[in-house]
Amino acid sequence: MINSRQNYLNAKRFSADLALEHIIPHNVCFYLIPPIVDLTIEEFEKLALERLKMLRLLEQVTAKNPKVSSDAWREAVLAEVNHAGLRTYAKLSRGNANDDGCKVARRRDYLSHFILRFAYCRSEELRRWFVAREMELFKLKFGGLTMRDVKDFLEVYELDYKPLTDDEKADISEQLCASTANTSRLKIETNDFYAVHFTEVLNLVRDRKCFLKAGVAYISPEHFAHVIGKKHQQLIEDGLKGHLRLLPTLEIDERFSMLLKSIHTSYTGKNYSVAKTGSVPIESLDQLSKKSFALCMRNVHDTLRATHHLKHVGRMQYTLFLKAVGVTMDDALRFWREELTRGKVPIEKFEKEYAYAIRHNYGKEGSRINYSPFSCMKVITTPIGPGETHGCPFKNLDASSLKMKLTGYGLSAIDADDVAGYASKGHYQIACGKYFEVVHETKLEEGINHPNQYFELSQLTIEGKEKPRQSHAASGSQSGRWNHSQQGTQDSYLADSSTLHGAADDDQELWEIMETKDKEADVTMREETAPPPSAATGKKQLTPKETTQQWEDDDFDLLEFNE
């Protein structure tokens, strides 16, 4: 009976895969028909995060290279795709083929697109972001097609476009040369040109970038890709509206509801939940923070050193970061004890309350979860309240305050303006990358997606620069320097273990306790610093409004499910 059922399920999946293969016969496809296939939760999640990683990569490359040519942009994207190990999208970007590898890649591409439609249909902002990234992906894939591949694509989707014949091109070759900038006559003779109605390329007509005759515009292959792209974009926008109508039905299942809501803020890079084998002494943190800490962590570290106090979200963000770079739990306890007891926290209170939270972050208390450090997306999206210093400075600081902080950290006015310019446009991670390049005087080959990735890249850069000096230097080295022990890089598409649904109650209880203690500390500090009644001037004294932050399940990174 069991074997019969298994055979039935295998046959059902086989027939579904055949049907899917039939509706995606080309590496570049219009996502017309929603697929009907069986997926486990794990497959569903992995496909979604793989595509999300690709779309984020496209966003970063485009923002870093806004004015480069199409060919240069394509080369930059493919270099990043290969570096990130996204084999599915690398294969689909090399033209059309019908081998088994391409068929597998098409399936992953097609399924992941429809999965992300559900995640990105719920708001106008998410829809705009998704459409923009999907159009960049379409541009990448379509740009790899040969002339034969383009003809096959037009035949598959029954699009009424045909390239000009040699005789037709010869008749208007002079006009094509005049209307196509930086294109030689040889290139015009060897490339396909297309005739389209002028209303489909009004922008080209307006800018006089095409030859127009009798209402027909003659355009180059590059411009023809935009014509097809517009049709692709309209299909995606219509599809998102359809998915929005279906969303309430799908979200009846709580697993899918929480999964889809958290996809956009999920982390898709290397897994930093396992601490480094090498130990970082806490005595070296001041030195390391000046060059190897991302701005978010340097800001938290400097605030802690100056005020000897951080609120609980800031402590969690910084503790998890230190754990991942290699600070042991015993050293972390010693570090926080020395720092907080210099402020308003008595030693007895620290041992009773704060030490528990630190051991909890290291997975030694409560539900004993191995918490992962905050990714860039988590740092950026975590809300920040009065008196709190966690979060992303590139997002939370205004332009003048950010420039002042950057120049205070040694950046020139020009470099500070350059970094702040990216932040003002909402490109916070690219701004962090530019900050890295200025501080380390080097070119960054990859985008910054995690504060611990920033730390690793910094140590590798410093180590690379120190090697030539070490051959002439004495055997002694700076005690503050940490020799980074490199581990194998493994991309993780699984969710952080700190976000397991089963631990939510235990974690919520912990943070409610810590929030209460923070409030009590704030009240005590205000009472101690309040002026005596005789000093009152008659004006009403304003009390800062206290806000309570609660950690909801969807505030964390993508949940890890067990079916």
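Placed from the backbone N, Cα and C atoms, the Cβ positions cover glycine too.
Taken from TrEMBL, the feature domain 'DNA primase large subunit C-terminal' applies to 286-455.
Counted within 10 Å of its Cβ, the other Cβ atoms near CYS296 ([4Fe-4S] cluster binding site) come to 27, all protein chains included. Look at TrEMBL and you will find CYS296, CYS376, CYS392, CYS432 tagged as [4Fe-4S] cluster binding site.
Annotated region 'Disordered' per TrEMBL: 464-563, in sequence order.
What TrEMBL records for 472-500 is compositional bias 'Polar residues'.
Look at TrEMBL and you will find 514-529 tagged as compositional bias 'Basic and acidic residues'.
Look at TrEMBL and you will find 551-563 tagged as compositional bias 'Acidic residues'.
For the domain 'DNA primase large subunit C-terminal' (286-455), the model's average pLDDT works out to 90. Those residues of the chain, other than CYS296, CYS376, CYS392, CYS432, with a C-beta within 8 angstroms of the mean position of the [4Fe-4S] cluster site C-beta atoms are ALA294, LEU295, VAL379, ILE380, PRO393, PHE394, LYS395, TYR428, GLN429, ILE448, PRO451. Comparing local CB density within 10 A for the binding-site residues CYS376, CYS432, the maximum falls on CYS432.
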